[in-house]
């Protein structure tokens, strides 16, 4: 299955592939990845699974704008097996693939059954979560990042899911539980032996949650450990961040999460810059306004007027952040309980910005923060 991004690069097979040398420099840092089973990621720039964010409207919008792959919110396998209606809705996939559904759980049989349900409902890829740091998941359910503490159970779970479905199965994990157990390379080898087709590594431990800075260099240890495509994740906020993350890690793709807040177009910017050498600017405010209104309408259509209005608030806040009087706009729109009134406020806010000739300043950047810290040291 083709991801829909039009490139002219040779497809990279998952077998027999090693990462780039540490000094690799090129405008083309990315090539397509063939996961097998007819699933090809033409642009390995992936929208990360994020609870409460990567719902179906956001995934559809990101795909339309050029994301190489979109991943669902984390889905609890037990809820999927019980056919919980809210869970099944969370696992709905976009019209154009490939689409990945991420599952979390600790029981191989339940995970396998949930994977079959997801595939029957249209998933092209099953992603397994070994990375969630949240206490409810990692401690209460012994799932997510807790599985990095039990390599034998992790192996059984991976093998069970791979056996259960006929689509590629991928894995997302962290560096380890803490800095005394950085076992991601070992787990990547277990994953490869289990039939996993791609591994994503977030450059933090579970104990770090989202504190500190993602260690992109550590990911190279995972790249060197396996003959699988490895994806680097964590703190990728700009095209420069993506480029440096790839160069430091030797990874074959990037997964972007929080860098897409209020920027569903960012994945396409990265893909075009690192596959084709294009310098793709941020959309101007007129184009941004159109995207915000499109996204808002998708939320209302999918969730219904009242739930959609409520769930869209955080997205509208992220879109507007950094513009003059955005705080006042957010406070006002968060009090509105009528769709037409909210849409009118979006029009008014952006029209006022455009008429005033306002433009966005530079986006936050991990590399800029690193340079500033080095200068201050």
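Cβ atoms here come from the backbone N, Cα and C positions, even for glycine.
Annotated FMN-binding residues in TrEMBL are 49, 50, 51, 102, 172, 257, 258, and among 179, 202 the one listed with them is 202. Residue 202 (FMN binding site) and residue 132 (active site, proton donor) have their C-alpha atoms 10 Å apart, to the nearest angstrom. For the region 'Disordered' (357-377), the number of residues in each DSSP class (helix H, G, I; strand E, B; coil) is 11 helix, 0 strand, 10 coil. Note on the recorded positions 50, 51, 132: the fewest other CB atoms within 10 A surround the CB of 51. Cβ neighbour count for residue 172 (FMN binding site) (all protein chains, 10 Å cutoff from its Cβ): 27. In this structure, of the binding-site residues 49, 257, the smallest number of CB atoms within 10 A of the CB marks 257. Following the DSSP three-state reduction, the secondary structure of residue 102 (FMN binding site) is strand. Among the binding-site residues 202, 258, the residue whose Cβ has the fewest other Cβ atoms within 10 Å is 258.
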